[in-house]
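This report refers to the structure that appears directly beneath it.
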Amino acid sequence: MAKEKFSRNKPHVNIGTIGHVDHGKTTLTAAISAVLAVKYGGEMKDYDQIDNAPEERERGITIATSHIEYETAKRHYAHVDCPGHADYVKNMITGAAQMDGAILVIASTDGPMAQTREHILLSKQVGVPYIVVFMNKEDQLDPQDKEEMLELVEMEIRELLSTYDFPGDDTPIIAGSAFQALEEAKAGAVGPWGEKIVALMDAVDEYIPTPERDIDQAFLMPVEDVFSISGRGTVVTGRIEKGTIKVGEEIEIVGFGDTRKTTVTGVEMFRKEMDQGQAGDNCGILLRGIKKEDVERGQVLVKPGTITPHTKFRCEVYILSKEEGGRHTPFFSGYRPQFYVRTTDVTGSCTLPEGTEMVMPGDNVEMTVELVAPIALDKGTKFAIREGGRTVGAGVVAEIIA
């Protein structure tokens, strides 16, 4: 059976839901999908389909990132539902890197919570450029002091966004109930609650600009996952960071071990074949003569000769203060945290510049890092620094040394 062709008739934008566990991120994702399907046509994805990663079943919390697609009148969106639980922030770092903008979900019954802060901070660190806010669970507020509560929560949110250098005063904030909107849409209507979801997506359409894609640069795609398809070969999935890729083009697989060359035999997006994949697309790339065990998450697919694996670099980093959830104590030369780059984490040891004895939480510092394994790096590559399951800093590669 021939696959349906992917049509590119609207601008494409990657967004996602972030926020505290149980504030309604997945319900909102389902509500957006359902309301837009009723209003503009398209496939409705229900809550279970979105909340469908295998690990979650046991604990009732979202761990893996779930990708769905939907359309407004103006745009085609790929939406990633980000993990909410603190233990799975690692996944948020890899998931949030896939966003041109985010919808921050906050329960108006609770206001901002610990993970709300952590996700805003992470968004800043991993370079999510725009945030739109949805104040959820409006239907659960006492009608008598509802307006006052919403105003209070809104004020808190704006202050919090400004604290992390997002434009708190200008951020669109829409109140509603994802659950009620979803119920209306399931009954085939866009009712008063559904209209609030439409208003939210209008704000997303207007406020989150269509990103300038890095189409003209050399092809680069971080590997997120690798599958074996019987009779067809090995498929690598990820989001193309730069450039374009067509069937028949040669690429290199870079990182960890030896660099390998191969040829692209297929490009697909949402199970539809494409003539070419381009920057910003989440897609699957079929590779000739490559076994599943030859590729792993954390490597990158690149245009031959454009990027090489490195272990040593100079970087500019910001170390979080204790108040921001960072370390409580300083660190010294020889400190060995994990460096999260694109889709991978690698241990590295830090060397402080001469004359700098230690780095205090809240400091900005330039240091040299040597990784235990080579990964694809270039100047400007961003990373997070983590230790013992929490983010302690963020940085950017200033210069490659080796």
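Every residue gets a Cβ built from N, Cα and C, even glycine.
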Listed range which Swiss-Prot flags as region 'G4', given the options 116-119, 136-139, 260-263: 136-139
Integer average pLDDT (0 to 100) for the domain 'tr-type G' (10-212): 83
Per DSSP, three-state class assigned to Asp22 (GTP binding site): coil
Residues of the region 'G4' (136-139) by DSSP state, where helix covers H, G and I: 2 helix, 1 strand, 1 coil
All-chain count of other Cβ atoms within 10 Å of Lys25 (GTP binding site): 28
Site with most surrounding Cβ atoms, counting all protein chains shown within 10 Å, from the binding-site residues Asp22, Thr26: Thr26
